[in-house]
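Following: one structure in structure tokens, then a few remarks.
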Amino acid sequence: MSSDLIFTFGGIGLCGLGLFGFIYHRHLLRRLIAFNLFGNGTFLILVGFAQQGQGNSDPVPQALVLTGIVVAVAATALALVLIRRWFQLKQATELPEDSQS
Amino acid sequence: MSLMQSPMPWLLVIPLAGATLTMLLPDRWRSAASALGILSQLVAALLLSYQVIQSGPQIYAMGNWQAPLGIALRADGLAMLFILMSALVSSLCALYAQSYLKAEKRANFWPLFWFLWASLNGIWLAADTFNLYVGLELLTLAAVGLVAFAADERSLEASIRYLYAALLGSMGYLLGVALLYGAHGTLALDSLAEHWHWGPTSQVAVTLIVGGLLLKTAVFPLHTWLPPAHGGALTPVSALLSALVIKASFYMLLRFWIELDIYRHLPSLSQLLGILGAGAIFWGGWMALRQQHLKWVVAYSTVAQIGYMLLMFPLLTAGQSDASQLAYQGGILMLLAHALAKAGMFLAAGNLMICTGKPDLQALAGMSRYRPLTIFAFGLAGVSLMGLPPSGGFSAKWLLLQSSLLSGQWWWVVVLVLGSLLSAAYIFRVFAYTYRETGEEGDRFARPALSMELTALTLSVASILLGFAAMLPLQLISLPGPLMEALP
Amino acid sequence: MNEMIDWLLLLGLGAVAITSLMSQSIFRAVVFFILLGLLLSLVWIRLDAPDIALAEAVIGAGITGILLLDTLGQLKKTGKLTTEPSPSRARLGLALLASLTLVGLLIWAVLHQPQPAIALHQQVADALPESGVDHPITAVLLNFRSYDTLLEIGVLVLAVLVGLTLQSKDAPPDSLPGLPNPLLHACLTLLIPAMLLTAAYLLWAGADRPGGAFQAGAMLAAAFILLHLSGTRLSPRRSEFLMKAGLVMGFGVFLAVAVSTLIGGRPFLTYPDGSAGMLILLIELALTLSIGLILLSLFTVAHTPAQLPGKRRQDEQ
């Protein structure tokens, strides 16, 4: 098997783990880590799967992943700012369960 | 002047420059700069509409690199309608915010507002799947920032909930895009449609894209993040979120659905979307009926109204051209009527809350005697949301109803009628509170600024006038273009 | 042999990911997440993507890791970490169902990959001579798909902007004490110039080799954060305007270059003939500095005490 295919499967595994953690956990930091796992898995699929199909290295998905990493770090940082404020206000690391809806 | 030749990039440049400038300028100049920006935005939007109407859909290659190597922008009739809609709603919300927010708060509002508008225009004009992802993320961060902007405990909780749901949604979308790229070797929508290969890979990709976008549109049962965010934000922000932001992911869903022929390949998914829509209509309406907080009533009404827009999908069926046309027109008109009516209703609700000083319905007692104008704005928006003639909401529901009958799917008629009764119930419930007598004599209510009353009223009146002038938007969205060609 | 390395890496990836997800201690979870970033860098090298390997190491593992650890430190100080609610049965079921469905669908999709109709990498190679740079990824990021990059910088600026908006104007300045360790300072005087040099190299290399504004900016940010931790304040309140100008400079320069060609009658984001290479370098220089400052601000913003939960009415007139 080519590296591309192997790590496409690796990406699928990371996506599965990330989605699991994102739904399973309630701790906001843990969910954020899970989101980043999901993101990393997506990036692996984006590059690995494309290169598997093309049969050689493809700069376009690689550039997209660079963009994606920066967007992910921006989103993570924003989430951390909000989490810290939430912690300061409520002394809690998770959101209350939905009471209605 | 290049604005005259190609107004398309200016629709992005102006808000992006607006965001940069309003971050750097001294606080007191920011409103003036924003006013200037809004005016030039309106001019650019009108110029581009004129071009599209005169000479058909416009393609613009960014950096002079043709798609699929580069990124193209595309303006067809549908994109134009959304650009005009966001121009109208955003500028009125900005006018409202100018009086509503304190000076210090306002200074921080403008850069976020401009980023929001830039991302919306970016999404309406985008013709590239990855570019849409970046646009969605820009929109998400701007919207979450605006929710958190109220800076109290509830809005903070709402913004975290919103951010997490939105991030998951965009990641699902991106995963779908990754699969599409691996299967087709392109990111551009046009070349995807041209080389569209329907197989397991595309099927899974489409499922992920649809799932991610449904989460971002807050479609029942993935709607739980919406009421706290839309109900807990500051009033002009609530209006922007309900009227425009959720429409962005819906718009993308619609484009993919039609341009990539998904309706032809996955008819069972169409029915599922219709069922989710029906669920949203009933659940959202029922929950709106049970809220005690005025803005939460309006927020749950958004959940229900998204349901009506979704009814368009099961009616877009291959082989039934007439029914599909009617469904497309009805769905878009529904969306437009909701944008106007809901923005008007949120602003009117904000005015009511300023009058009483309290957020809950109980406090409204006696309002109808002392503040008829504010109630009138709320009521007109309500007429359109209920779908009473002659409002825009009525014309939209009428089109959807005809389409259901024509395509033989009569069960959606039942949903439409029952849903309208439910919306009537939750809107009249609010009215019932305003007619209560308090026992106290005299006018003890505060008075919102005249500009705030007028902006709310303008939007509500527009949602009614849409019923008389429905032909204009319908002609605009039926202009020839890639979407119209792909429509069944 | 090579395939063996791949399988071993994959195994390591899985083990580290599961640990970082399910570890009892949240601290260990973060540490393993950073470790995962480093492993991923190796994976990216195996995927023939050295640019991403660099970015993953510096941004994915480095900056994200610092941000996470720092937040954790703050949570720990108040000692509220022990009371984590245990997730319910229903959540476990839903999570398992969702993730297994996703994995199943993805495997099915990957196994049925059709032959792509378009070979975009060929088009990139063909257009590369006109792009002004020799490195295809830099060409995609700053020329062919520069619009994406522009919006992406917008996302970064926006994240800082929201952080700054939530920060109170009259909060006392950062209470983080500088570390008074003379040895540390001695190390820093050596380390900081080395880091700045690396950043400059990465920026310069981007034109024809792996590297570029993002990696360089992240390196710069790492240097800034080290300085910050050692007690040197780069974001003094006095020069708030300068700081803000620095934050938006990259975005502003990028936008200005894009608009200048527009006014000259060419399409948005087009570089005039012959000056593409120079303009790209100019943009990258501004971007590097701004990205460094943005990432630093994302770190410091979180340190400043947030504004107190004001009563809602105060915001409204």
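Along the chain as shown, residues are numbered 1 onward.
Glycine too: its Cβ is placed from the backbone N, Cα and C atoms.
In TrEMBL this protein carries:
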- B:126-423: domain 'NADH:quinone oxidoreductase/Mrp antiporter transmembrane' (DOMAIN)
- B:6-25: transmembrane segment (TRANSMEM)
- B:78-97: transmembrane segment (TRANSMEM)
- B:109-127: transmembrane segment (TRANSMEM)
- B:133-151: transmembrane segment (TRANSMEM)
- B:204-226: transmembrane segment (TRANSMEM)
- B:238-258: transmembrane segment (TRANSMEM)
- B:270-289: transmembrane segment (TRANSMEM)
- B:296-316: transmembrane segment (TRANSMEM)
- B:328-349: transmembrane segment (TRANSMEM)
- B:370-390: transmembrane segment (TRANSMEM)
- B:410-433: transmembrane segment (TRANSMEM)
- B:454-477: transmembrane segment (TRANSMEM)
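Contact check: the transmembrane segment (B:270-289) against the transmembrane segment (B:296-316) gives at least three Cβ pairs closer than 8 Å, residues 6 or more apart, which meets the contact criterion. Counting Cβ pairs under 8 Å to the transmembrane segment (B:204-226), the stretch among B:78-97, B:296-316, B:410-433, B:454-477 with the most such contacts is B:296-316. In this chain, the transmembrane segment (B:410-433) lies in contact with the transmembrane segment (B:296-316); the count of Cβ pairs under 8 Å, excluding pairs fewer than 6 apart in sequence, is at least 3.
Within the same chain, the transmembrane segment (B:78-97) packs against the transmembrane segment (B:328-349): three or more Cβ pairs sit under 8 Å, each pair at least 6 residues apart.
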